[in-house]
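Taken verbatim from TrEMBL:
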COMPBIAS  102-149  compositional bias 'Basic and acidic residues'
COMPBIAS  282-292  compositional bias 'Basic and acidic residues'
COMPBIAS  321-351  compositional bias 'Low complexity'
COMPBIAS  373-400  compositional bias 'Basic and acidic residues'
DOMAIN    16-81  domain 'J'
REGION    102-171  region 'Disordered'
REGION    282-400  region 'Disordered'
Amino acid sequence: MPSESEAIEFANSPLSFYELLNLETTAQAKDVRRAYRKTALQYHPDKNPDNPSAVEKFHLLTAAQEILCDVALRAAYDNALAAKVAKKRRAEAYDSNRRHMKEELEARENSFKRQKTEVDEKKREFERLKEEGVRRRKEMDERKKREAAAEEEEEEEDAAKMEIDQDDDNQEVVVGESKFSELDRTLKVKWRRKGAGEMMDRAGLIDIFGRFGKIDECVVVSGSAEKEKKYASALLIFHNIAHAYAAVHRDKKALEEEDDEWGIFRDVIWASGKEPDLTFKKSSKTAEKQKEAPPPPSKPQGKEAQSNPEGTKDDKQEKFPTFSKSYKPTSKSTPSFSFKASSFKKPTTSTDSSSRADEMDFESVTLMRMKAKAAERRQAEQQKLTEELLKREAEEEKAN
């Protein structure tokens, strides 16, 4: 006869006695005995001598019949079996809750991932639009600069046309030499030999610096054969002092953005070591000629004035027409002037031409300085406008 502890142990086993006998938990003792006799015949050792599992099941049937027919043992078995079933149901409920919680957690994680992906996409789109706006503003600024430069160039061309004296009688005009020497118009250029500077030669220098004006000569200084220097140098002789001045006072940042080749140049300086004196002074020959010139005829009085009433008119016609230096024609309108042939009958000497050449050089340099200051002022205004736009975009981004 099994003990009560054995009955509890059987209740905790995987196979239930009620399932083994195919009975309900409310079956009576007589029903247990009938089911035992019927099932035991199938698993009796005499009928299954070579089947070890049948023998084991027969012993379980015997224990089941003894425990379920005994009131005390059956009560202990049923209590242990009920506790086992309750524990199983609690485990299943716990697994269900845990599975539900797990599914809910995964759903929240997926939702967070989707939201993060949407935020990242919006941020990337915002950055793309921001870069596109900056690019468009830069293109607009560059287009305005080009238009302003083209307009200034057109104004300079019109001014140059106005400064040329047109001779109706096809008289030859002798143009004097500038007061600036060849050394004054010579620049010393130094650049790095390595990288892009390794291929720099005379033709390349003329091509790069030729944008500022005509170059009369370019001499590349060759280095020592024993020891190659880190920097190469060359001498550029410009045809006009204004062109040399423009090359020295160029806009480095704008040129480097436009062309990477400008980044290799270390120095672009005056070959003489200092900037030439650009102030305009009249030559001694011009001053002497002005002293030697006869004074204008005095106005006739009395009868002489009456006898020659046209004298004043003739004197006025002999005077040369003068132009105001402050006047600068624009590209939109070109004023017209009419002169009489008598006003051009006086020949132009080399001394007057030399003085005019000096004055033209001085005016060109002055114009270059004014243009440089105007460009710096425009660049500062554009920089200020760009900073304000970026600040406004940053504030809008924070507000969103």
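Please read every residue number as a count from 1 along the shown chain.
Using N, Cα and C of the backbone, Cβ positions are placed for all residues, glycine too.
Applying DSSP to the compositional bias 'Basic and acidic residues' (102-149) sorts its residues as follows: 48 helix, 0 strand, 0 coil. Residue counts for the compositional bias 'Basic and acidic residues' (373-400) under DSSP, helix first, then strand, then coil, are 27 helix, 0 strand, 1 coil. Sorting the domain 'J' (16-81) by DSSP state (H, G, I as helix; E, B as strand; all else coil) yields 46 helix, 0 strand, 20 coil.
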